[in-house]
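K.L.:
Dumping what Swiss-Prot says about this protein:
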TRANSMEM  15-35  transmembrane segment
TRANSMEM  50-70  transmembrane segment
TRANSMEM  81-101  transmembrane segment
TRANSMEM  103-123  transmembrane segment
TRANSMEM  136-156  transmembrane segment
TRANSMEM  169-189  transmembrane segment
TRANSMEM  209-229  transmembrane segment
TRANSMEM  246-266  transmembrane segment
TRANSMEM  275-295  transmembrane segment
TRANSMEM  301-321  transmembrane segment
TRANSMEM  333-353  transmembrane segment
TRANSMEM  363-383  transmembrane segment
């Protein structure tokens, strides 16, 4: 460890600032889900056409995570964070100014570049910066920042977009990032790269069947979730025939349930992670199958969203903990791969939802999403039986 001993208060401040950064990065990835209709209206496009922006963003992150991580593997981490935040902020200013849809997509690609690097180093940085014996809590704090992006970031971003225009949402995120950057500059010491891995560690990781199986499970289950979730805002308004305000409330409920999922996993994850993930995937299958039937009332959709939010948070946390446990010798490479694979799933799900909405009916997004969700459930049960001991390992 190259960090000088510091007080627990300062150590926690560093981790909290990193968690706030995680909140901001996740908010900007997810916030277009709540703004699709507004963006489409301003550029005179169909909502589903604008939705392709979600796929482009996610796939840029997927493709660039590993190359960027390797390119920056020897770079001092504090300096790297400053550079990626500058790119992140500048790209949000361009989003605010975007004079056509193409410029907006270009700005989102810039944000995706910053995102790709950020998520490949965040988990390992949180572990390094945490007070002694508090590594698991530090990771949990980063996960909470991620959860809050769905609980608060996405709905608040949508409310700001409704009342002040979607451009203001992106500008506000950029300003939040600027404040966070100033805090990081003030708080962080120099952080030489360590345990970053290199291309040499790739064959080693790919020779771990339990890890590869987790990656496959991740892409399939994330595709299932985002097939429906990417278009939940227009689904609520156009299929269920409910108000724009209720769409905001529903996003708030779904995100808030994620906090419950985080608490459940924090309580039971150490001993029963594999079982929890399988149960959560089964719950996701049920939620997707019931999405259209639940569209007959606000109450039914609200109840469904609670279970959906709990399920996806448990799945996400379970996958991340397992990846870190199975690759303690190359955390940055393993997490860069995980981030890339997760985003392949986001992009694939958003694209499937896009095609279903354009060429079939938006009402079918739940049923179509349930197909890969069922496949994921079978795969989750199979791998938990094949590697029951390995998959229960936890990072120490």
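Yeah, the Cβs are placed from backbone N, Cα and C, and that goes for glycine too.
Note that the structure is predicted; figures quoted are calculated from it, not measured.
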K.L.:
Need a quick answer: max count of Cβ pairs under 8 Å to the transmembrane segment (50-70), which of 15-35, 103-123, 169-189, 363-383 is it?
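P.N.:
Ranked by Cβ pairs under 8 Å, first place goes to 103-123.
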K.L.:
Per the 3+ Cβ pairs under 8 Å rule, pairs at least 6 apart in sequence, do the transmembrane segment (301-321) and the transmembrane segment (209-229) touch?
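P.N.:
Yes, since the transmembrane segment (301-321) and the transmembrane segment (209-229) share at least 3 Cβ pairs closer than 8 Å, they count as touching.
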K.L.:
How about the transmembrane segment (15-35) with the transmembrane segment (136-156) - do they touch, taking at least 3 C-beta pairs under 8 Å (6 or more apart in sequence) as contact?
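P.N.:
Judged by the Cβ rule, the two regions touch, with the required three close pairs present.
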K.L.:
As a test: from 81-101, 209-229, 363-383, pick the stretch that has the greatest number of Cβ pairs under 8 Å with the transmembrane segment (333-353).
P.N.:
209-229
K.L.:
What residues in the same chain, six or more past the boundaries of the transmembrane segment (246-266), come closer than 8 Å to it by Cβ-Cβ distance?
P.N.:
33-34, 140, 143-144, 147-155, 158-159, 162, 232-233, 236-237, 273, 276, 280, 298, 301-302, 305-314, 317-318
